[in-house]
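The feature active site, proton donor is assigned by Swiss-Prot to HIS22, with sequence analysis given as support. According to Swiss-Prot, the substrate binding site annotation covers ASP30, ARG107, TYR129, GLY130, ASN131, on the basis of sequence analysis.
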Amino acid sequence: MLKTISPLISPTLLKVLAEMGHGDEIIFSDAHFPAHSLGPQVIRADGLSVSDLLRAIIPLFELDSYAPPLVMMAAVEGDTLDPSVEARYRDALSLEAPCPDIVRIDRYAFYERAQKAFAIVITGECAKYGNILLKKGVTP
């Protein structure tokens, strides 16, 4: 048993977070994201929300300070975003320090980043456009 590590973080996720180097990226995706067809390592976190997992990992995870560390998918033309999704994620990520800005990129650019990601964590999140990419930084 390890102390102070959230029980929401599976042993597999903990191992992946430890193996990532600075500049590596991880995606916390909604339940509908095509993770398995994109290529990188996939970790299942069924039944958990993205915001709960972000809240659990942020004490262990240094965000990049040299490049935008947070990326979300922009709405497809003609579609809308629910601003409460980003607000929940920002609240979860600001537990340790102020949350950096979240950059929005189009769907296909996000998929390209996902193909190069270190890992994708599929959650039980059902919010539309509920995917977020985190870029790991250097620990101080």
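The backbone N, Cα and C atoms fix where each Cβ goes, and this holds for glycine too.
Straight-line distance linking the Cα atoms of TYR129 (substrate binding site) and the residue listed as 'active site, proton donor', rounded to a whole number, equals 26 Å. Within 10 Å of the C-beta of GLY130 (substrate binding site) we count 24 further C-beta atoms, all protein chains included. According to its DSSP assignment, GLY130 (substrate binding site) is coil.
If you compare every pair of Cα atoms in ASP30, ARG107, TYR129, GLY130, ASN131, the residues listed for substrate, the longest distance is 14 angstrom.
Apart from ASP30, ARG107, TYR129, GLY130, ASN131, the residues listed for substrate, the same chain places the Cβ atoms of SER29, HIS32, PHE33, MET72, MET73, PHE110, ALA127, LYS128 within 8 Å of the centroid of those Cβ atoms. Of all Cβ atoms in the protein chains displayed, 26 besides its own lie within 10 Å of the Cβ of ASN131 (substrate binding site). Spacing of ARG107 (substrate binding site) relative to the residue listed as 'active site, proton donor' is 25 Å (Cα to Cα, whole number). Cβ neighbour count within 10 Å across all protein chains ranks TYR129 highest among the binding-site residues ARG107, TYR129.
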